[in-house]
Amino acid sequence: MSLWLGAPVPDIPPDSAVELWKPGAQDASSQAQGGSSCILREEARMPHSAGGTAGVGLEAAEPTALLTRAEPPSEPTEIRPQKRKKGPAPKMLGNELCSVCGDKASGFHYNVLSCEGCKGFFRRSVIKGAHYICHSGGHCPMDTYMRRKCQECRLRKCRQAGMREECVLSEEQIRLKKLKRQEEEQAHATSLPPRASSPPQILPQLSPEQLGMIEKLVAAQQQCNRRSFSDRLRVTPWPMAPDPHSREARQQRFAHFTELAIVSVQEIVDFAKQLPGFLQLSREDQIALLKTSAIEVMLLETSRRYNPGSESITFLKDFSYNREDFAKAGLQVEFINPIFEFSRAMNELQLNDAEFALLIAISIFSADRPNVQDQLQVERLQHTYVEALHAYVSIHHPHDRLMFPRMLMKLVSLRTLSSVHSEQVFALRLQDKKLPPLLSEIWDVHE
């Protein structure tokens, strides 16, 4: 029997998460879920449709109104020139010259006929509040050559020609103006009645099977978290010795972290046993999947406990760990920094319990793990969870089309972190830090 599927943990009673594979463990877990609250009832009432996403087709051309022939006027009509609207003049099409330097003008800029060069120069000068100094007394003749030599005279000529500083918009004003225009266009688009030729929009939806699966995952995760929390309270306490650099303090910190890791592994095994389809796999494939995915799931769970304000991670109530604490426990900076960077990136996504549970399930059901025999079945199971996550994200993030691919890319980042973790384990061996038997078997550390 594999050691890590039933290894006892010091100071943790037999009825805790250590008894990972007793026959009655699964039934007890199922009964515990019966009274869990459903957080997804609202989606269940959403209208169903046969497809997932609507195909976009060509819209039919709108009917064109017939033009009636105009009757000839009985009296001659007086033709009056139209008055030009207020605002900047249209772009020049001839050979007009810049009023500042004499170069070819491109249009009216800031109320003056000017070239692109003088337009940009005036804008930069106003935004920066620049003050230039002329070394020739301030009387330089301005042309295409001198405009590069004397900035003070060029700016003075811009103002003399009539360029107005109040016409220059700052970057923030331009951004707000663009944003306002986009909002107006969007409001106008939503106010238009739908065209008869437009296909009806098919809303994303969760099937009853997907809804039930997500509810089960969330309930299982909450149950495992409650159980592991009580186990975490029994680990070796963090040392508060007067000499934090003493050998005893270092050993105590290392034991503290390794025991936390053991509890996390137990939580992962408990959760995996409640994943639909997991127990139908062979025992060998169950072990292969859990051994290689354990560190990735641990890092996902770690990211949930990340506090961006203090840049710390809370494993125990009212006790947070920063980068320095990880280093004091014997971990290398090359492993610590990626952990915190990954946790920060995950925190920015603001995932909820259902999204985390689905990501963990997708990570566990990876058919490319070493020693997996029935890869086809594992792929099918993973595809089920990927489809459920896609449907769930489409409902909860309808305006963020990149949310789903961003979440899957985090699983790619976890693979990189997993290889860094292997190097960390090797470094611990070089430091003569002996891992507990359970962790040694999971991470294939052979003494």
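Cβ atoms are placed via backbone N, Cα and C, with glycine included.
What Swiss-Prot records for this protein:
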| type | residues | note |
| --- | --- | --- |
| COMPBIAS | 24-37 | compositional bias 'Low complexity' |
| DOMAIN | 209-447 | domain 'NR LBD' |
| REGION | 205-447 | region 'Transactivation AF-2' |
| ZN_FING | 98-118 | zinc finger |
| ZN_FING | 134-158 | zinc finger |
Limited to the zinc finger (134-158), I'd like the whole-number average of pLDDT. 91
Helix, strand, coil: count each for the residues of the zinc finger (134-158), based on DSSP. 11 helix, 0 strand, 14 coil
Do you know the DSSP helix, strand and coil residue counts for the zinc finger (98-118)? 3 helix, 7 strand, 11 coil
